[in-house]
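Lifted from TrEMBL, the feature list:
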| type | residues | note |
| --- | --- | --- |
| COMPBIAS | 220-236 | compositional bias 'Basic and acidic residues' |
| DOMAIN | 37-502 | domain 'Major facilitator superfamily (MFS) profile' |
| REGION | 220-240 | region 'Disordered' |
| TRANSMEM | 33-55 | transmembrane segment |
| TRANSMEM | 75-95 | transmembrane segment |
| TRANSMEM | 102-120 | transmembrane segment |
| TRANSMEM | 126-148 | transmembrane segment |
| TRANSMEM | 321-341 | transmembrane segment |
| TRANSMEM | 361-379 | transmembrane segment |
| TRANSMEM | 386-405 | transmembrane segment |
| TRANSMEM | 411-434 | transmembrane segment |
| TRANSMEM | 446-466 | transmembrane segment |
| TRANSMEM | 478-496 | transmembrane segment |
Amino acid sequence: MYASREDIGYDFGDDSKVGSKPVKPNPNIDGGWAWMIVFSSFLVHILIMGSQMALGVLNMEWLEEFNQSRGLTAWVSSLSMGITLIVGPFIGLFISMCGCRLTAIIGGILNALGWILSAYASSVHYLFLTFGVTAGIGSGMVYLPAVVMVGQYFQKRRALAQGLSTTGTGFGAFLMTALLKYLCTEFGWRNAMFIQGAISLNLCVCGALMRPLSPKDLSEKSVVRSNSEDNQEKALSHSTETIKSNGVLSDEPEKKEEATTEEVLESVKHIEIGGNSGNGRNMYGLRMLKTVSQLTLTVRKGFALWYSSYFGAASLFTNRVFVAFIIWALFAYSSFVIPFIHLPEIVKQYNLSRQDNVFPLTSIIAIVHIFGKVILGIISDLPCISTWNVFLMANFTLVTCILTLPLMQTYVGLAVVCALIGFSSGYFSLMPVVTEDLVGTKHLANAYGIIICANGISALFGPPFAGWIYDITQKYDFSFYIAGLLYMVGIVFLLIQPCIQKKQPRQKSTEEAQV
């Protein structure tokens, strides 16, 4: 027997009230400036994720330059990829306090600085600090806002919008691989990194395009989304909404903080009025006091929201489906990253360098990855298709390809498997959509920060682990087998809670029909 929506506290809003007061959403939601946000996010994915997918080129240069083991050298790429994602929860705090635009601009400066400083590296350990940590933190400060802003600006075409924006990863991997190869050949890897650092300053421009929506627009979007979800029977739509009865994602702390904010600013206002009635000599000090008060309260409010999302009574971790999603993310991402870092070495071992130079395998993954994200996004937006089911099918296909890749020792065989890896990994565009279905738009930044943090841990240890296994066995086969098996474990965890929850929307819709 299933409980009704009221019993479990799903926040679908009062339909009668919505009917009496029609919602007029911002024209920029699902249109207008929303497409500029998609374009900005697209460029961010080219410059950040695309560059990281092309690090196999620099990895070979670092092996020759510093003459270190493959396992140690792979830590440079892994640190950059891993830290970009691991800092997600802390970047969520920055977004809560400063907004997406300022966070992204600061991140663009840090990322460029990391690339430029890495051009003067004297050892692999120097690269750990400059490229792995500095550029990695900068990348994370731009990447998370780029994903969150697309989620805020789209309601009806979320999967398609995320798919289009994240195709920048595929375009970037293809373009940056060719660019870094050319720059390394013509100018050497040091000058190549310096030039790439200058190019990365364009991330600041991308951040400037991230114009924030007003709180009113966000609330209107939530109401529209709640109404539309009543008419859709997607697997996770109803089972992952805000659960008031368990205290999940409650708005009470924010309401208390808003009351405090109004009281303090009102007192400052009275002081300012009193200053006007007397003399104007202290007006500058009063304005400064008001500005500092507003800034302090904004920081407190942002920190309170961030803290409650992770540690308070409204913790995201009380959502069991979301916890299963985190466990999956801990195992998944390394299976996608390992081929990009080590495929150039595998090609060299199989004496396939001539064919790979004509059309690199990493470029095949990147190009097909573009089509995979768009096609999976379009399919997921269809009313009769469950985003969750598309997400799972893509995961099963990818893990099969990872386990199959070591068996292929010809260029054609590797190309086919790489094409399937590229297409199935298009599910990355669905991750923000699934996360938003789980926690709602308001908490997307903090929730997606946790997911990409788990992905970052996976990316951090995956490539060095593969290099370490190679140093022991002189083969990459076991690296792919172990990564594939761990990925399968993550998928099993992903299936535990949703398999139970998927039945609930159907039962509810039947009960509603009877009423």
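For all residues, glycine too, the Cβ spot is worked out from N, Cα and C.
Keep in mind that TrEMBL annotations are predicted by a computer and have not been checked by a curator.
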Can you tell me which recorded stretch out of 33-55, 102-120, 126-148, 321-341 has the most Cβ pairs within less than 8 Å of the transmembrane segment (386-405)? 321-341
What residues in the same chain, six or more past the boundaries of the transmembrane segment (446-466), come closer than 8 Å to it by Cβ-Cβ distance? 71-72, 74-75, 77-79, 81-92, 96, 143-144, 147-148, 151, 305-306, 309-310, 316, 322, 325-327, 329-335, 337-338, 341-342, 431-432, 435, 438-439, 476, 479-480, 482-483
May I ask for the residues of the chain that lie six or more residues beyond the transmembrane segment (321-341) and have a Cβ under 8 Å from a Cβ within it? 53-56, 59, 74, 77-78, 81, 85, 173, 236, 239-240, 362, 365, 395, 398-399, 402, 405, 418, 421, 425, 434-435, 438-439, 447, 450-452, 454-459, 461-463, 465-466, 479-480, 483-484, 486-487, 489-491, 493-494, 496-498, 501
Contact count check, CB pairs under 8 angstroms to the transmembrane segment (411-434), set 33-55, 126-148, 361-379; argmax is 361-379
Let me spell it out: take the transmembrane segment (102-120), skip the flanking residues so only those 6+ beyond its ends count, and list any with a Cβ under 8 Å from a Cβ in it. 44, 48, 91, 94-95, 126-127, 130-131, 133-146, 190-191, 193-194, 196-198, 200-208, 210
In terms of Cβ proximity under 8 Å, which residues at least six beyond the ends of the transmembrane segment (361-379) contact it? 50, 53-54, 56, 159-164, 166-167, 169-174, 177-178, 339-340, 343-344, 347, 385, 390, 394, 414-415, 418-430
Please compute the mean pLDDT of the model over the domain 'Major facilitator superfamily (MFS) profile' (37-502). 77
Six or more residues out from either end of the transmembrane segment (33-55), which same-chain residues have a Cβ under 8 Å from its Cβ atoms? 76-77, 80-81, 84, 104, 111, 139, 142-143, 146-147, 149-150, 153-154, 161, 164-177, 179-180, 196, 199-200, 202-203, 206-207, 209-211, 340-341, 362, 366
